[in-house]
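Visitor: Submitted below is the structure of interest, expressed as structure tokens.
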Amino acid sequence: MADSEKNSCSCSFCGKIHSEVRKLIAGPSVFICNECIDLCSGILQEEGRSYKKTDTLDLKPKEIKKVLDEYVIGQEHSKKVLSVAVYNHYKRLSNSGVISEVEISKSNVLLIGPTGSGKTLLARTLARVLQVPFAMADATTLTEAGYVGEDVENILLKLLQAANFNVDAAQRGIIYIDEVDKISRKSENTSITRDVSGEGVQQALLKVIEGTVSSVPPQGGRKHPHQEFIQINTDNILFIFGGAFDGLDKIIESRHRGSSMGFEANVQKVSKNKDIFCYTEPEDLVKFGLIPEFVGRIPVITSLSELNESTLCRILVEPKNSLVKQYKKLFEMDNIDLQFDDSALSEIAKKAAVRKTGARGLRAILEALLLDLMFESPGDVGINQVVISKKMVEELMVNSRLFLKH
């Protein structure tokens with residue numbers, strides 16, 4: 001090839017001519033340079049490292065829980081239940097190619113607990129521990145096909161995006177759907193009319209969680225005939241659902257009262273138990289408004305208790321990525337040593353307990369508490385240490401809009 005002809009050829013991807021690269025490889029009407037080949041190779045290797053093929057799970061239930069303990073404080077029973085469910089799920093995958101007379105069903109999980117009790121954090125941490133793609137959705141935004149709103153397939157698209165469109169990795173991922181209690185039917189009886197935000201969504205989810213091959217539009221949005229689709233098999237995707245289920249406690253109490261046969265002590269024991277959701281049975285969820293088929297596809301049910309002041313105080317400092325550690329790091333970047341008195345931490349936890357917003361309320365309080373300091377201290381060479389005391393917490397919070405309603 002003559003020099004003039006070489007220089008007229010350029011890489012079809014980056015546009016560089018032959019003299020600007022070490023090698024230019026020709027194909028039918030296209031060229032690619034060695035630099036673009038190296039770049040593509042790096043991308044493929046990175047995707048291969050991002051998500052291992054989780055056909056086998058090296059971690060045992062105790063080891064899974066141990067990692068969860070590093071990030072999630074309290075909720076011991078729920079962490080144990082989740083660890084076993086996840087272990088069994090991926091053990092099922094590792095034997096999926098083995099011919100067996102016994103077909104093992106998926107261990108989809110339902111987490112019942114108040115706002116801020118750690119439902120989302122548990123699901124997200126599990127995905128991180130297992131190194132699998134993770135997607136999250138809000139059940140209240142979903143509608144069945146044909147209605148205005150978000151299709152169930154869009155959740156699968158989020159999972160694909162989290163997996164860098166690696167279909168094999170996505171098919172072994174975890175999907176967390178929050179606020180599932182908000183899509184309950186208005187009554188236990190089947191309605192003649194369609195319930196767009198209730199039973200219809202449950203029916204749409206049912207097909208996906210029990211296992212099907214879904215056609216997912218790569219650009220999202222509604223499906224149309226001229227669009228290309230990505231086929232994703234949901235058989236091996238683990239679904240975790242979460243919800244506060246306000247009013248379910250009354251249903252549980254009513255069931256115990258009806259079956260107690262005069263043993264009032266048993267009813268009183270259930271009624272006074274703060275963790276009444278631990279008595280949840282599938283029939284209670286059906287009475288609440290979830291359809292029987294949907295409940296039947298979620299064999300593992302566990303409850304999370306409301307976080308008390310003591311647990312909230314531990315959450316501030318103990319997790320690997322605790323809020324106190326995060327804010328200390330932020331101040332450290334400005335060469336400022338941030339310290340908290342124990343009494344200050346107790347007061348912050350007390351404020352969060354009053355708000356009843358759980359762990360997520362802690363960040364709002366800390367943000368309000370440290371706002372002025374984060375505004376004033378950067379660039380002030382006279383400040384090299386800040387110590388937060390109980391008195392500062394009380395004084396700074398007196399006029400805070402965050403607490404005016406309390």
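Each residue, glycine too, has its Cβ placed from N, Cα and C.
When I checked Swiss-Prot for this same protein, it listed these features:
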type	residues	note
BINDING	Cys11, Cys14, Cys33, Cys36	Zn(2+) binding site
BINDING	Pro114, Thr115, Gly116, Ser117, Gly118, Lys119, Thr120, Leu121	ATP binding site
DOMAIN	1-52	domain 'ClpX-type ZB'
Visitor: If H, G and I count as helix, E and B as strand, and all else as coil, what does DSSP give for Lys119 (ATP binding site)?
Guide: helix
Visitor: CB neighbours of Ser117 (ATP binding site) within 10 A?
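Guide: Taking all protein chains shown, Ser117 (ATP binding site) has 25 Cβ neighbours within 10 Å.
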Visitor: Just give me the nearest neighbour of Lys119 (ATP binding site) among the binding-site residues Cys11, Cys14, Cys33, Cα to Cα.
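Guide: Closest by Cα distance to Lys119 (ATP binding site) among the binding-site residues Cys11, Cys14, Cys33: Cys14.
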Visitor: Determine the most Cβ-crowded residue among the binding-site residues Pro114, Gly116, Gly118, using a 10 Å radius around each Cβ and all protein chains in the structure.
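Guide: It comes out as Gly118.
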Visitor: Is it possible to get the count of other C-beta atoms within 10 angstroms of the C-beta of Lys119 (ATP binding site)?
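Guide: Its Cβ shell of radius 10 Å holds 25 other Cβ atoms.
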Visitor: Out of Cys14, Cys33, Cys36, give me whichever of these binding-site residues has the highest number of other Cβ atoms within 10 Å.
Guide: Cys33
Visitor: Sort the binding-site residues Cys11, Cys14, Cys33, Cys36 by C-alpha distance from Gly118 (ATP binding site) and give me just the closest.
Guide: Cys36
Visitor: Other than its own, how many Cβ atoms are within 10 Å of the Cβ belonging to Leu121 (ATP binding site)?
Guide: 19
Visitor: By the count of other Cβ atoms within 10 Å, pick out the sparsest of the binding-site residues Thr115, Thr120.
Guide: Thr115
Visitor: Write down the Cα-Cα distance for Cys11 (Zn(2+) binding site) and Pro114 (ATP binding site), rounded and given in Å.
Guide: 57
Visitor: Rounded to the nearest Å, what's the C-alpha distance separating Cys33 (Zn(2+) binding site) and Leu121 (ATP binding site)? Just drop the number here, would you?
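Guide: Rounded to the nearest whole number, the Cα-Cα distance is 45 Å.
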Visitor: Quick check: which same-chain residues outside Pro114, Thr115, Gly116, Ser117, Gly118, Lys119, Thr120, Leu121 lie with their CB within 8 A of the centre of the ATP site CB atoms?
Guide: Gly113, Gly242, Leu304, Gly358, Ala359, Arg360
Visitor: Please tell me which one of the binding-site residues listed here (Cys11, Cys14, Cys36) sits closest to Ser117 (ATP binding site), measuring Cα to Cα?
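Guide: That would be Cys36, the closest of Cys11, Cys14, Cys36 to Ser117 (ATP binding site).
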